[in-house]
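Report on the following structure.
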């Protein structure tokens, strides 16, 4: 038994009767090794890749990359904001100051204050976006609609508790109880999350066309005979080229694009300063918010409606938050404060100075008209490149969003490729990339101008802003536990302003916003159908789990043959034996020498350390070598290849066999307090005539010895006991034989057994349910990646078992 310890490092041996030696981890590793201990001793916010302990060299490097990925979208919005806001011309020179003042305070309020200096701290161990907010809430309140929570998950989820009750603590507890007990609250949170993700993906279809079209439109100044068809096809060609380079990875793209965007921001900032000095330095008066009041007084309803177009100045802000997983908080704050903010505001101010002196010009090219003639071609080329790069932030956001949906079981399976060994948040999804490319090209060919696309774009931006504010408020109450007055101020300021913008956007519903909502509705329908059927299927299996006595009867059947090898039976259940097992034995009365029921489960956290990944228990009778295992992953973790997964699984299974038998051989007091509480909870009971399945408590191998040290007898007593106890030599030999048997059966071959489950609606179900389950879900399942592809299972080792569920 030459294994390394579960907690790492070499093993030590304690002498006992006979020649057999009992291998134990060294005392230094007998400290408590669960996640609560590690959480208390490591830097906050997952500093191992995102937190405040990163070096300044790394921060500056990431800040430089931020420019290439995150800021091109925000940095190219000056190409079309004024053009769409004043599409019917400027009627009063102070209207320019009013719009500029709204832009300044909108950018400062929504982008800088809300996102950069508040929302970025509401990250889920370095991951950002709407889904990260939802997963963060999930770690403090059980809001998951699939009933697969286990008590052991709380160790990995790293719940935080305050020792002393306080007003903020009581409010947090009230919020927790409300979210856990109210089905309407759970469904509402889930609905808001998938709505935001659907809008984000829709936005990714619209952002590239509007950015590139706006840049290409500048060619008209030098090539007035350029037709609209030519502009559109040039845009389509650029979009195809953009999406084709995504497979090279965000890390390489960032380093390639960052210098270009840096030069772009410096150029537009310099042009802004030039225009302010040359045309009207009095434009700086726009920092006085009174011009906002005067603007609405003059324009009334038209002024309110124009807020939708003005909102485009913050487009890309939602991607800035969602793409946090690619970078770090400090790098984003540094680069946005000293790079993005001054450059963008100077550009808007410079354009406003030019417009005040050229009110009768063609507004559709306001940006390029304001550029000095000697700088036109450099500005045009950089604008075109920056527009292409600006789309990169939204594409990266789409990849991150789709990864989150997979973990939430809200979308058919897709292939996710990690593109960086250093930053887990960087990924590439081929199917999503192709879908976005086709969608962006169709939008460009169909609508051809920035005006219509811009109005469709607005609704995505504003609704995501509103949802982020709602979820942030819950995070402040439940997670941060800040003073209620700060929460009230945050909610009142942002919700009131965002609702004003929302009303302005919805007023023009038939002129563009319906496109975004229609696309989002289709995506949401897919998410809801997929999640609904998965929840129903899980509950069906939960209600039909095999009882303990029946499992024992199946395993002790006289006609049941044991064949060499390790059989891995995959199931969705985290507790109990699934109905597919007796179905398999009924058809083929054969089972492998070692059987492990595997459940791959995603927790609402970015990463699960491999030491905390597996939860085991042994199914009675023990000599038959049948085990249950839950393999837990974070939503940013990558599933290993099948061979690598088996290697890790077997290693920790052997630790489990060692640990669980050592409990049985140890002190009776420890055996009662540790072993029985964890091993015997397998049954499905029917109290008061009702069917209830209780989540079984499993043993994490790495926790076993550490929990012994937490026993009241103390670590010294435990060590003394294990050194002096008259351990049964036969039992110790049995432990070693069981471990060697597992290794031997792995060498004999591993077979992966997957259920080919057909889900159909019950005959008496209503028509809508039959359509959803029998047709829509069936179509989605047949056209998504199969389980064996997601798990990278070799075809030669795969066994599929067909079974039908009526839900």
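Using N, Cα and C of the backbone, Cβ positions are placed for all residues, glycine too.
Look at TrEMBL and you will find 62-550 tagged as domain 'K+ potassium transporter integral membrane'.
Marked as domain 'K+ potassium transporter C-terminal' by TrEMBL: 564-807.
Sequence annotations record features per position, and here TrEMBL assigns transmembrane segment to 96-122 (among others).
Tertiary neighbourhood of the transmembrane segment (184-201): same-chain residues 129-131, 134, 137, 143, 145, 178, 318-319, 322, 397-398, 401-402, 404-405, 408, 410, 436, 459-460, 463-464, 467-468, 470-471, 474, 516, 519-521, 523-524, 527-528, 531, selected by CB-CB distance under 8 Å and a gap of 6+ residues from either end. Marked as transmembrane segment by TrEMBL: 184-201 (among others).
Marked as transmembrane segment by TrEMBL: 254-277 (among others). Only residues 6 or more beyond the boundaries of the transmembrane segment (254-277), in the same chain, are considered here, and those with a CB under 8 A from a CB of the stretch are 64-65, 67-69, 71-72, 75-76, 78, 283-284, 326, 339-340, 342-351, 353-354, 370-372, 375, 378-379, 382-383, 385-386, 389, 392.
The transmembrane segment annotation in TrEMBL covers 304-322 (among others).
Listed by sequence, the residues of this chain that lie at least six past the ends of the transmembrane segment (334-355) yet keep a Cβ under 8 A from its Cβ atoms are 59-60, 63-64, 66-67, 71, 74-75, 77-78, 81-82, 86, 90, 96-97, 99-100, 103-104, 107-108, 111-112, 116, 262, 265-266, 268-269, 271-276, 278-281, 283-284, 286, 313, 320, 361, 363, 366-367, 369-370. Sequence annotations record features per position, and here TrEMBL assigns transmembrane segment to 334-355 (among others).
Residues or ranges marked as transmembrane segment by TrEMBL: 375-395 (among others). Residues 68-76, 79, 203-204, 207-208, 211-212, 214-216, 218-219, 221-222, 238-239, 241-243, 246, 250, 253, 257, 260-261, 263-264, 267-268, 271, 316, 319-320, 323, 367-368, 433, 436 of the same chain sit 6 or more residues outside the transmembrane segment (375-395) yet have a Cβ under 8 Å from a Cβ within it.
Annotation source TrEMBL lists transmembrane segment at 427-447 (among others).
Annotated transmembrane segment per TrEMBL: 459-478 (among others), in sequence order. With a threshold of 8 Å between CB atoms, the same-chain residues lying at least 6 positions outside the transmembrane segment (459-478) that come near it are 110, 114, 118-119, 122, 130, 133-134, 136-137, 140-141, 171-172, 175-176, 179, 189, 192-193, 195-196, 199-200, 202-203, 206, 308, 311-312, 314-315, 317-318, 321, 486-487, 490-491, 494-495, 498-499, 501-502, 505-506, 512-513, 516-517, 520.
Sequence annotations record features per position, and here TrEMBL assigns transmembrane segment to 484-507 (among others). Within its own chain, the transmembrane segment (484-507) is flanked in space by residues 109-110, 114, 118, 167-168, 171, 304-308, 311, 455, 458-459, 462-463, 465-466, 469-470, 472-473, 476-477, 513, which lie at least six positions past its ends and keep a Cβ under 8 Å from the stretch.
The transmembrane segment annotation in TrEMBL covers 514-533 (among others).
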Outside the transmembrane segment (427-447), six or more residues from its ends: residues with CB under 8 Å to it: 201, 204-206, 208-209, 212-213, 232, 235-236, 239-240, 243-244, 246-247, 249-250, 395, 398-400, 402-403, 414-419, 453, 519
